[in-house]
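Engineer: A single structure is presented below for examination.
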Amino acid sequence: MLDIGLGIVAAALVLVTLVPFVPLRYWWVRGFDFPRLQLASLALLAGLTQWLLGSAEWRWWSIAACVAVAAVQFMYILPWTPLAATPVKQAPDDHRGHRITLLIANVLTPNRNAEGLLRQIHAHQPDVILTLESDEWWGEQLNRSLEDKWRYCVRVPLDNLYGMHLFSTLPLEEVEVKWLIQHDVPSIHGWLRLPDNSRIRLHAMHPRPPAPGESEESLWRDAELLLVGQEIRDSHEPTLLAGDLNDVAWSRTTRLFCHVSGMLDPRRGRGMFSTFHAGYPIIRWPLDHIFISSHFTLNRIQRLEAFGSDHFPILASFTHSPAHAAENDEPQASADERREAEATVEEGRQRGDGEAHG
């Protein structure tokens, strides 16, 4: 009976490992991009259990299937472990250049523990603060505590889970709130003016996820991210992109975004820094991201304490050092990847009702 049960588990693991290879955008297909660490761990546990306790002659097929599943899943998540190379170089202690620190927090709209987040903001003193899912109530709490020091701000309070607030000690210039693919999902785009008078392009995003009750497909998320990625590619400016992208670091869409835009993930070679779900360690993956252009080196990145939201805040500090851009390993898109991105963006434009429509 044990062998049969473990054999069924092995077959199910093979199936869910193959599902993400299907080129469909349905949420139940793309959702299997997320729990790769969990699936790999379950495969190893099932295979080991069958090896130690199983007795059926065919159990070796089941064990082999579990090993194959674990290998495939680990292949995807390996770059986000200390075993992999770090395409974003570490900034030396004596490195010259302006340091910029960002804090991102998806606050979870009904969460009312603003003090838990504000305490961490004041402790770490980031230059830029981005909150997501922040409504009018959250905006009031943030303004009351932050507006004296973080004088530059953009407020987009919404009660549909897509509100955003951006606070900065650095001057914000040419800021635009855009509704790129869907009319009710905003993003913030602008420039940060550094003390040396140079400027950094900043994009803040929170696209709609493919999930029950949100969207049946991933098109809206994918098209919005890739549209901004194309803009980044064409600008060649020092750029930061931050937000809850409702996608994991190792998904096809996120990898495609990095290749198309040339942006780098500072977590690669350092860890996953999983931010969701804060309440359930067994189902936790990296949904909140900070991507950088090759003009930056990394000082530090860390996940902060839970404060009642279903997301942990994440904090990252970078040094703006354009002269060292060649030291970072900037990704490049193939011709096929560029065509795929263009097709996705065009479909999002045509089917969406945002500013990019048509």
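Even glycines carry a Cβ here, placed using N, Cα and C.
Just so it is clear, the model here is predicted, and its values are computed rather than measured.
If you look up TrEMBL, you'll see 335-358 marked as compositional bias 'Basic and acidic residues'. Annotation comment: TrEMBL describes 105-311 as domain 'Endonuclease/exonuclease/phosphatase'. Taken from TrEMBL, the feature region 'Disordered' covers 320-358. Look at TrEMBL and you will find 6-28, 37-54, 60-79 tagged as transmembrane segment.
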Engineer: Below 8 angstroms Cβ to Cβ, which residues of this chain, lying six or more residues outside the transmembrane segment (37-54), approach it?
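Structural biologist: Long-range Cβ neighbours of the transmembrane segment (37-54): 2-3, 6-7, 9-10, 13, 16-17, 62-63, 65-67, 69-70, 73-74, 77, 272, 282-283, 285.
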Engineer: What average pLDDT is reported by the model for the domain 'Endonuclease/exonuclease/phosphatase' (105-311)?
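Structural biologist: Result for the domain 'Endonuclease/exonuclease/phosphatase' (105-311): average pLDDT 97.
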Engineer: How many of the residues that make up the compositional bias 'Basic and acidic residues' (335-358) does DSSP mark as helix, as strand and as coil?
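Structural biologist: Reading the DSSP string over the compositional bias 'Basic and acidic residues' (335-358) gives 17 helix, 0 strand, 7 coil.
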Engineer: Are there residues at least six beyond either end of the transmembrane segment (6-28) with Cβ under 8 Å to its Cβ atoms? List them, or say none.
Structural biologist: 39, 42-43, 46-47, 49-50, 54, 56, 58-59, 62-63, 65-66, 68-69, 72-73, 209-212, 214-219, 222, 252
